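Listed in TrEMBL:
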COMPBIAS  62-82  compositional bias 'Basic and acidic residues'
COMPBIAS  138-176  compositional bias 'Basic and acidic residues'
REGION    61-113  region 'Disordered'
REGION    127-176  region 'Disordered'
């Protein structure tokens, strides 16, 4: 096999080379370094552009999140104001209804004054009522016929001004629709507030639970999902917690004998292991 000389290699390298497309192929070190520097500059520019786009995207995302939260707060405030306005309208309607009720006694007084002009007629009706009560009922058939012929047995009570006095009061026991609606809204608001209070109590209870210190190894990072809720064997704490962060067994030898750790759970485990 023929071995090329150094001069032949040099002449081969210095000779111009072309690609399949007819373009000059770089073989000199200076040209290669210049092209590489240009490519690195282009890559740096593209990287800077990507960083700018990322910042713009994060800024837009934060603006969108802030706008959504503000719209939610404004909508909630509008709903609260609407509820307050509805309550005010219903309360005003109730107040107006109470102002109209004093007119009813005037009507009753007028009816009583009209009845005073015909006292004889009232006395005759009272006398007939007393006769009906004291009359003996001898025959059941006659009694049925009397009931068929007497309109008072069909639910037609005699005219009595005293009954007219109590009629408006009995009808007033039923609340108007707007009062019922007002009470329903108040109950819904009370129920919603109770739910919010219960939720706040639950959240406060969760925040109040003791948490474990971060791991000293791996910069405290969690690599597995189940590690967050895995209880530690010795102290029973739940969280990102291992022997290197446990306040119970820190700076203590895990391979010691029972009674040296100061942790009852660990002593039990070591005792069972010794058996």
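The backbone N, Cα and C atoms fix where each Cβ goes, and this holds for glycine too.
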Long-range Cβ neighbours of the compositional bias 'Basic and acidic residues' (62-82) (under 8 Å; 6 or more residues past either end): none
Residues in the compositional bias 'Basic and acidic residues' (62-82) grouped by DSSP into helix, strand and remaining coil: 21 helix, 0 strand, 0 coil
